[in-house]
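One structure is given here, and the rest of the page talks about it.
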């Protein structure tokens with residue numbers, strides 16, 4: 001980034017109360033502790049702190065200017081300090097990101113979906129990096145704050161940007177798309193996530209389709225071709241539509257998936273041509289993520305052979321189907337990054353396929369943000385624990401009680417099901433009941449932080465012989 005302060009002032013409709021329009025800006029930050037020389041500091045007011053109270057810290061760290069929404073801050077701006085007044089600092093950040101993005105004539109891909117959007121984004125970026133200098137969303141920078149901050153990391157060396165976009169309600173993806181102005185969009189799926197704010201799958205599909213609102217007739221979208229609801233939701237949008245999935249009408253159609261060699265082989269028809277992909281992750285649920293990413297990379301000009309090579313190097317990162325071997329042929333499957341009913345069921349199926357000996361143990365915690373589907377969703381997981389022949393089901397959290405009830409009702413013996421209100425309550429029982437030949441799945445919503453339990457159990461069971 002190399003911007004004059006005058007461009008910033010014009011872009012955010014601000015008033016330069018102190019400083020020089022010719023001052024050069026080379027970065028953006030919302031945390032005064034991370035400000036570097038030449039950065040803009042946006043003073044955000046949060047629940048527990050107010051950035052306006054840390055202007056001196058930002059200047060001390062070398063801020064080129066601070067952006068505030070309180071006029072009384074002018075008294076803090078001494079000689080050589082620049083200050084811009086705006087009505088709302090979040091709006092200002094978004095306006096600057098939108099203006100800055102317009103100065104780059106490169107492909108920008110928006111990636112969204114109910115489940116798996118982060119992994120799809122990561123695989124796509126990996127495939128694109130074989131040919132293009134790629135900017136991608138890092139961490140959870142996928143919302144109304146993170147997306148602008150990601151866009152403001154663009155520089156003249158970037159040839160493509162892959163932006164993850166999250167939402168919890170109607171209109172949020174439209175807002176993000178308006179800021180980012182994507183040239184293509186990938187919608188991975190529509191599932192029962194955020195029902196508490198959107199109410200129905202139809203509303204979720206419509207909210208996801210908003211990512212296409214700013215696409216022009218010359219742009220394109222890649223959508224899940226197995227979802228009739230999504231098909232209906234994207235109908236009003238003009239952009240060309242490609243489809244991926246298992247349905248015969250898909251442009252990128254999965255014919256078969258085979259678990260082999262600690263990975264999954266995916267046989268698909270790619271725009272009429274038979275191909276094979278291999279992902280070094282033994283999970284069928286990742287096949288759709290891999291095919292979506294590969295298809296988008298292909299549509300953006302990456303040759304299929306380069307895509308295949310990139311997939312071989314994919315590592316999902318910690319807490320996403322992270323397989324930790326145990327001494328006697330068992331394994332801990334740490335899939336605690338997040339959870340919803342579909343990903344829980346998929347994780348149970350994957351764990352069953354990966355089990356070699358010992359017990360199949362599922363340690364499952366609460367799933368959050370399910371709205372009216374909350375009880376049914378947890379019960380559905382309990383039924384699937386029985387269907388996948390789980391030998392020991394440990395349910396943790398208030399909502400997880402429904403899982404335990406459903407498992408018992410579906411025929412699981414009483415001694416095979418235990419419910420605990422907290423992780424702490426479960427530790428003693430788990431240490432007593434597990435050994436190093438077992439396959440042990442840990443999964444729950446992010447808010448449950450079940451990874452700490454997985455780590456503690458590994459430190460105990462990982463040293464133990466069967």
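Positions of Cβ are set from backbone N, Cα and C atoms, glycine also.
Database features, via TrEMBL:
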DOMAIN    25-101  domain 'Mur ligase N-terminal catalytic'
DOMAIN    111-297  domain 'Mur ligase central'
BINDING   113, 114, 115, 116, 117, 118, 119  ATP binding site
DOMAIN    320-446  domain 'Mur ligase C-terminal'
For the ATP site given as 113, 114, 115, 116, 117, 118, 119, which other residues of the same chain have their Cβ within 8 Å of the site's Cβ centre? 120, 188, 189, 289
All-chain count of other Cβ atoms within 10 Å of residue 117 (ATP binding site): 24
Mean pLDDT for the domain 'Mur ligase C-terminal' (320-446), rounded to an integer? 94
Compile a sequence-ordered list of residues in the same chain as residue 116 (ATP binding site), six or more apart from it, whose Cβ lies below 8 A from its Cβ; state 'none' when nothing qualifies. 188, 189, 285, 286, 288, 289, 343
Count the other Cβ atoms sitting within 10 Å of the Cβ of residue 118 (ATP binding site), across every protein chain shown. 23
Over all shown protein chains, what is the count of other CB atoms within 10 A of the CB belonging to residue 115 (ATP binding site)? 23
